[in-house]
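Step one of this worksheet: look at the structure below.
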Amino acid sequence: MSTNQEDHAKSQTLSHGRQQQSRGKVEALECRVCEDAFTNHGDKVPRLLQCGHTLCHSCLQQLNHQDFAVLCPFDRLPTVLGPGGVWELKKNFALLELLEKLQIADNGDLNSPDLQILNKEKELRICCDENEEHLAVLYCVVCGSHLCVECSERTHATKTLCRHRRVPLSQKPKERPRCEFHSQHVAEFICLEDGCQGNPLMCFICRDYGRHAKHRHGLLETEVEAFRDTVMSTILSFRKFTEDASEILRKLESVVCQIEGGDTTEGNRENSNPMQSMLGTARTARERVQLHFAELREHIALKECAALAVVESHIRERLGCIRQHQENLTAMLSQVREVSTQWEKALMQDDARVMLAAPSMKVLSNSMEKEHQLFTETNFNHLLDPSIPITFTKAVIFVIDSSVRERLPEAHTELAKLMAERDLKEATLLILANKQDVGNCLRVEEIMESLCLYKLCCGRSWHIVACDVPSGNGLQEGLDWLAKQLLEGT
Ligand SMILES: Nc1nc2c(ncn2[C@@H]2O[C@H](COP(=O)(O)OP(=O)(O)OP(=O)(O)O)[C@@H](O)[C@H]2O)c(=O)[nH]1
């Protein structure tokens, strides 16, 4: 360690030792009743009794006041009080001066301050009163001016001014508010009555004799401290809320990332590798929907081909049938025309030849008669309809009212008609035996037997379910069965 450094270290140690000593002295100046250290102002300010003893303000207020006088707790001598009570007792200025000196010593080297500490005061960004281009770091409690180190030394260079107490700017004593009605007094109290909240500050005169007499009140400093604590705890709860809300926001952001895709974690973002970035659930969902519909389109295209093939075969079958009939009719027509011509010629011959030809003409006439009858009996209507029947019916749901036995034959007739429909040949059949909740209704087995269902529905996919609408029993089972059949059939 260099000599300079050693000297500096020593001076720091000494200075620290001196400060500790003087701080001890300041604390030793305490009220002998409450044993709290005296302060320059407020509740612990020292006040003189007429007997010469000194007590703090708050202890004096708590003493017994008899006949506008207070008795000294040490020698029982009375001190007469004026209308202002304890507030009118003189402060112990000698003690206050001593207190102040010890505090100055306590702050030790503030008139030659540690620049590093003072530099922090610049963060308050208050201009020096002497030079606006400088930032103030000190406050002179006597002049009431904000100063930079340089201006402090320059303006306080004289023997008298150098004794002015200067404190770091952040320790500048707070200005105490004056009473609005008694401007010579400090507004030290605050009224706690609801009706006074518009203007609650008051001095001791307002409190004891004025507009706040007998009102609930408190010391401004104490109330402010309590209020600060409340605000502080509110700020703490705001901070907690902010942290919680930020956490939720972060999670929401991560969920958005998971939906939209990309890197999800903070860490990943820095070393992001595009190959590792995650597919978002939205994209996956879109792709799944697209795939599903692509499959559906493919399936529908296949179904379309199959349906067109059925239509083509139907058309071929119908056209073949029509052409066959066309050919038959044309052949028959030419045959009839030829026979008619022959017969006309034969009738022109003599009687003997006509009679000789008569047997063969009768045979021909009979055969022609048969052909004619066949033609008139043939129903050409279905061939004359140019439309091609197309049907897509895949399923039939047939509901039977199980509560009315008499209507069972009617149900049988209707179902038989449906089953005979050509277009419903392939259709799956679901029979709902409804109104099973009605007493004495037909049971499923009875219905199956009465309607001869095994015979009627032979060769097709069918099922019968007991159900009733009010409770919904059986309906789901029936529809599930049908859905399964249709899906399996696709
Ligand atoms: N108790 C009961 N009532 C039902 C049920 N299903 C329908 N209904 C009632 O029956 C009445 C309809 O009678 P239905 O005879 O089934 O009607 P519908 O089928 O149009 O009549 P029809 O064509 O003559 O067979 C309505 O009041 C329904 O609320 C059931 O499962 N149980």
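Cβ atoms here come from the backbone N, Cα and C positions, even for glycine.
According to TrEMBL, the feature region 'Disordered' maps to 1-21.
For 1-10, the entry in TrEMBL reads compositional bias 'Basic and acidic residues'.
Summarising the annotation, TrEMBL assigns compositional bias 'Polar residues' to 11-21.
TrEMBL lists 31-76 with the feature domain 'RING-type'.
Note: the domain 'B box-type' (122-169) comprises 14 helix, 11 strand, 23 coil (DSSP; helix = H, G, I, strand = E, B). For 122-169, the entry in TrEMBL reads domain 'B box-type'.
The GTP binding site annotation in TrEMBL covers N434, K435, Q436, D437. A coil conformation is recorded for D437 (GTP binding site) in the three-state DSSP classification, outside any helix or strand.
Broken down by DSSP into helix, strand and coil, the domain 'RING-type' (31-76) contains 9 helix, 12 strand, 25 coil. Closeness to ligand 1 is met by N434, K435, D437, these being the binding-site residues among N434, K435, Q436, D437 whose Cβ falls under 6 Å from the molecule. Figure note: comparing Cβ neighbours within 10 Å for the binding-site residues K435, D437, the maximum is reached by K435. Taken together, the residues of the domain 'RING-type' (31-76) have an average pLDDT of 87.
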